[in-house]
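Chemist: Taken from Swiss-Prot, the feature disulfide bond applies to 118-179, 145-208, 149-210. Among the features that Swiss-Prot reports, N-linked glycosylation site is placed at 126, 162, with the record citing sequence analysis. Residues or ranges marked as region 'Disordered' in Swiss-Prot: 76-113. The feature signal peptide is assigned by Swiss-Prot to 1-19.
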């Protein structure tokens with residue numbers, strides 16, 4: 001039963017208790033006629049009874065009010081109790097229904113990371129590790145280009161690839177787009193272990209592109 005329905009029932013009970021008819025044996029006592037000679041006014045009429053008036057009407061009214069208040073409090077608490085009474089198995093099933101969506105989202109993010117395009121990657125090295133024949137303790141951040149250029153292929157690249165597979169072209173090898181530097185870092189200056197000054201130009205990538 002909804003809250004408003006219960007309130008309506010309570011109001012009907014309250015109205016019934018307040019409008020309860022007088023018990024049998026009750027009648028109005030008519031006031032005596034006005035005595036003009038003495039100048040007295042009419043005496044207000046009062047209730048009289050052949051039997052004693054029951055004393056339980058105030059108690060009945062209090063019982064109705066207590067019932068209304070208890071019903072309203074019970075209805076206010078009922079939504080919280082229903083939520084608390086939700087079986088643990090139902091809550092676990094709802095959590096399990098939400099978890100596959102999260103796992104699928106993580107899988108898609110992982111696939112995007114694997115299939116990334118041409119990007120710039122950095123690694124910390126010693127100049128000697130470059131394999132250029134320098135003996136030095138100088139260090140640098142070497143940046144290089146890595147990744148696939150399939151997403152950057154144009155219609156021209158696709159046509160060349162198809163013609164090369166069908167052997168419609170000459171024996172010349174057709175080049176494909178590669179992930180290459182399109183800009184380089186500033187020159188690197190350093191001293192080797194023999195105190196000889198060296199300069200490395202275009203040694204590290206700054207920006208990458210498919211060319």
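Here the Cβ of each residue, glycine as well, is placed from N, Cα and C on the backbone.
Note that this is a predicted model, so its numbers are computed, not measured.
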Chemist: Give the distance between the Cα atoms of residue 208 (disulfide bond) and residue 118 (disulfide bond), rounded to the nearest whole Å.
Modeler: 7
Chemist: How long is the line from the C-alpha of residue 162 (N-linked glycosylation site) to the C-alpha of residue 149 (disulfide bond), rounded to the nearest angstrom?
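Modeler: Roughly 17 Å, rounded to the nearest whole number.
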Chemist: What count of other C-beta atoms do you get within 10 angstroms of the C-beta of residue 118 (disulfide bond), across all chains shown?
Modeler: 21
Chemist: Below 8 Å Cβ to Cβ and six or more residues apart, same chain only. Which residues does that give for residue 210 (disulfide bond)?
Modeler: 117, 118, 149, 152, 177, 178, 179, 180
Chemist: What does DSSP say about residue 208 (disulfide bond): helix, strand or coil?
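Modeler: Residue 208 (disulfide bond) sits in a strand per DSSP.
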Chemist: When a 10 Å sphere is centred on the Cβ of residue 149 (disulfide bond), how many other Cβ atoms does it contain?
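Modeler: Its Cβ has 19 other Cβ atoms within 10 Å.
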Chemist: At a 10 Å cut-off from the C-beta of residue 162 (N-linked glycosylation site), count the other C-beta atoms across all protein chains.
Modeler: 11
Chemist: Which residues, sitting 6 or more apart from residue 126 (N-linked glycosylation site) on the same chain, put a CB under 8 Å from its CB?
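Modeler: For residue 126 (N-linked glycosylation site), the qualifying residues are 136, 137, 138, 139, 140.
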Chemist: If you draw a 10 Å sphere around the Cβ of residue 179 (disulfide bond), how many other Cβ atoms fall inside it, taking every protein chain shown into account?
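Modeler: If we count other Cβ atoms within 10 Å of residue 179 (disulfide bond), we arrive at 20.
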